[in-house]
Amino acid sequence: MGVTVVSHPLVQHKLTIMRKKETSTASFRRLLKEISLLLCYEVTRNLELTTMSIETPLMPMEAPVLEGKKLVFASILRAGNGLLEGMLDLVPAARVAHIGLYRDHDTLQPIEYYFKAPEDIVNRLVIVVDPMLATANSAIAAIDKLKERGATNIRFLCLLAAPEGIERFTKAHPDVEVFTASIDERLDEKGYIVPGLGDAGDRMYGTK
C-alpha cells in the first residue's frame with residue numbers, strides 16, 4: 001500500500017516545535033493533540049460517502065454522509081493515547097481499541113499485556129496509532145493481533161518513522177498503508193529514531 005508523508009506546512013511547523021528539547025510537557029501534549037487532528041484529516045481523506053435525504057431551512061436535498069460502520073482508532077499504549085484526543089474531536093463517533101505493548105529494552109521485542117477492541121472490528125476501518133515507527137516491532141505485533149481478530153481494512157498513523165522500521169513494516173504488512181509526518185534519518189544503537197524527538201510517552205506524561 002505504501003507510505004504517505006503528510007507535508008502540510010502546519011504539520012511540519014508543529015512537529016519542529018515538538019522536536020525541540022526545551023518544549024515543555026504541557027506544550028508537547030497540546031501540540032500532539034493539534035497535529036493528530038491534522039494527520040487524521042489526511043488518513044481519512046478517501047473514506048467512502050453515500051447520500052441521505054435531509055431538509056435544510058429552505059428545501060429538501062440529498063446530502064453526502066460517511067458510508068458504512070464507524071471507524072475504529074486502535075491505540076498502541078501508552079503513547080498512542082496522545083493521538084486519540086484530537087482524532088476523537090474530529091470523529092467523535094469512532095470506536096476505540098487499546099493494545100497494550102511495551103518494548104523490552106534488551107531485545108527490543110514487544111511484550112503484550114492488554115488487548116481490548118470492538119467485537120465487530122471485522123466490518124470496520126481500523127486506524128492504528130502510535131507516535132513512533134522505529135523498529136516497527138510493536139506496530140507489526142499490534143496489527144498481527146488485529147488481523148487475528150478479523151480486521152482486514154487497516155491503516156497505520158504515526159508522527160515519525162525510521163527507514164528501517166518502514167522496510168520491516170511494509171514487508172510484514174504490505175496491505176497496510178502508513179501515514180507519517182516525517183521519515184527521519186535512521187535508528188540509533190538503542191533503537192530510537194534520530195534525530196527524532198525523544199521518547200514520545202515520556203515527553204507527553206513528564207516521565208523518564
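Here the Cβ of each residue, glycine as well, is placed from N, Cα and C on the backbone.
Quick look at what Swiss-Prot annotates:
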- Arg78, Arg103, Asp130, Pro131, Met132, Leu133, Ala134, Thr135, Ala136, Asn137, Ser138, Asp199: 5-phospho-alpha-D-ribose 1-diphosphate binding site (BINDING)
- Ile193, Gly198, Asp199, Ala200: uracil binding site (BINDING)
Response to the item:
Counting every protein chain shown, other Cβ atoms within 10 Å of the Cβ of Gly198 (uracil binding site) number 17
Worksheet item: Which residues, same chain and not among Ile193, Gly198, Asp199, Ala200, have a CB within 8 angstroms of the centroid of the CB atoms at the recorded uracil site?
Response: Pro131, Met132, Leu160, Tyr192, Gly196, Leu197, Gly201, Asp202, Arg203
Worksheet entry | For Ala134 (5-phospho-alpha-D-ribose 1-diphosphate binding site), the number of other Cβ atoms found within 10 Å of its own Cβ | 27
Discussion item. Counting across all protein chains present, how many other Cβ atoms fall within 10 Å of the Cβ of Asp130 (5-phospho-alpha-D-ribose 1-diphosphate binding site)?
Written reply: 27
Worksheet item: In DSSP terms, helix, strand or coil for Gly198 (uracil binding site)?
Response: coil
Worksheet item: In Å, rounded, how far does the Cα of Gly198 (uracil binding site) sit from the Cα of Ala134 (5-phospho-alpha-D-ribose 1-diphosphate binding site)?
Response: 11
Discussion item. I need the least crowded one of these binding-site residues (Met132, Ala136, Ile193, Ala200), counting other C-beta atoms within 10 angstroms of each C-beta.
Written reply: Ala200
Practice prompt. List only the single closest residue to Asp130 (5-phospho-alpha-D-ribose 1-diphosphate binding site), chosen from the binding-site residues Ile193, Asp199, Ala200 by CA-CA distance.
Written response: Ala200
Worksheet entry | Ile193 (uracil binding site) and Ala136 (5-phospho-alpha-D-ribose 1-diphosphate binding site), Cα-Cα, nearest whole angstrom | 11
Worksheet entry | Other CB atoms, at most 10 A from the CB of Asp199 (uracil binding site) | 15
